[in-house]
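Record features, source Swiss-Prot:
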type: BINDING; residues: T28, G29, S30, T31, D85, G86, A87, D88, K98, G99, R100, G101, K125; note: substrate binding site
type: ACT_SITE; residues: E107; note: active site, proton acceptor
Amino acid sequence: MNIEEMKKIAAKEALKFIEDDMVIGLGTGSTTAYFIRLLGDMIKKGEVSDIVGVPTSYQSRLLAIESGIPVATLDQVDAIDVAVDGADEVDPNLNLIKGRGAALTMEKIIESRAGMFIVLVDERKLVDYLCQKMPVPIEVIPQAWRAIVEELSIFNAEAKLRMGVNKDGPVITDNGNFIIDAKFPRIDDPLDMEIELNTIPGVVENGIFADIADIVIVGTKEGVKTLER
């Protein structure tokens with residue numbers, strides 16, 4: 001089973017948690033894209049009804065509309081029943097690093113308010129500790145990026161401004177901000193680090209999602225496995 005197949009089976013497993021009349025937070029990224037398309041197929045087949053999606057990015061909003069999912073913004077709904085998204089890393093306590101898609105701020109806003117937060121990953125994303133493989137994305141006010149990179153050196157982080165692909169200059173988030181990718185030696189206390197990073201002036205939000213995931217669905221070569229907090 002290849003990586004894309006692992007992503008697909010994880011996305012398909014998440015559909016088991018979807019019921020009629022749900023408001024669903026729709027994450028951003030390649031694995032979540034499979035879920036959005038499959039959810040759209042369920043709606044078209046009449047297998048589920050009265051679904052509203054709350055996208056975390058323009059990308060997921062466009063895909064949801066294309067897939068036939070009614071969409072709304074966060075301020076148009078009373079509550080989020082379930083949120084579904086991917087992750088860049090998952091540690092043994094189900095703490096996450098997210099934000100390779102540069103949508104981390106809205107992802108955290110929506111997913112922290114969900115009645116249930118389901119994370120979809122392939123087996124490569126499971127790590128022994130956060131920052132084992134991937135840096136922590138940090139959304140920052142553009143004028144503050146250089147000062148923040150300097151301040152991150154206190155944490156022995158290798159930090160750099162994320163540059164765009166197929167465009168000149170830095171990546172610009174949906175909120176009009178920059179992304180700094182910070183590679184720490186390791187993160188042993190994700191919640192403490194998440195809080196501390198957000199105290200740096202100019203930081204909008206960071207990609208550590210501590211104590212927030214309820215269920216992690218993992219696509220593996222042998223099939224699907226589900227991890228619960």
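Backbone N, Cα and C atoms are what each Cβ position is placed from, and that goes for glycine too.
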When DSSP states are folded down to helix, strand and coil, where does T28 (substrate binding site) land?
-> coil
With every protein chain in view, how many other Cβ atoms are within 10 Å of the Cβ of T28 (substrate binding site)?
-> 28
Position of peak Cβ density within 10 Å, selected from the binding-site residues K98, R100, K125 = K98
Span of T28, G29, S30, T31, D85, G86, A87, D88, K98, G99, R100, G101, K125 as binders of substrate, largest Cα separation rounded to whole Å, comes out at 16
Excluding T28, G29, S30, T31, D85, G86, A87, D88, K98, G99, R100, G101, K125, which residues of the same chain place their Cβ within 8 Å of the centroid of the Cβ atoms of the recorded substrate site?
-> G27, T32
Provide, as an integer number of angstrom, the distance between the C-alpha atoms of D85 (substrate binding site) and the residue listed as 'active site, proton acceptor'.
-> 8
What is the number of other Cβ atoms found within 10 Å of the Cβ of D85 (substrate binding site)?
-> 31
K125 (substrate binding site) to E107 (active site, proton acceptor): how many Å between their Cα atoms?
-> 18
Where does K125 (substrate binding site) sit in DSSP terms: helix, strand, or coil?
-> helix
Distance, E107 (active site, proton acceptor) to A87 (substrate binding site) (CA atoms, angstrom) = 11
What three-state class does DSSP give A87 (substrate binding site)?
-> coil
Whose Cβ, among the recorded positions S30, E107, has more other Cβ atoms within 10 Å than any of the rest?
-> E107
Around the Cβ of A87 (substrate binding site), how many other Cβ atoms lie within 10 Å? Please give the count over every shown protein chain.
-> 27
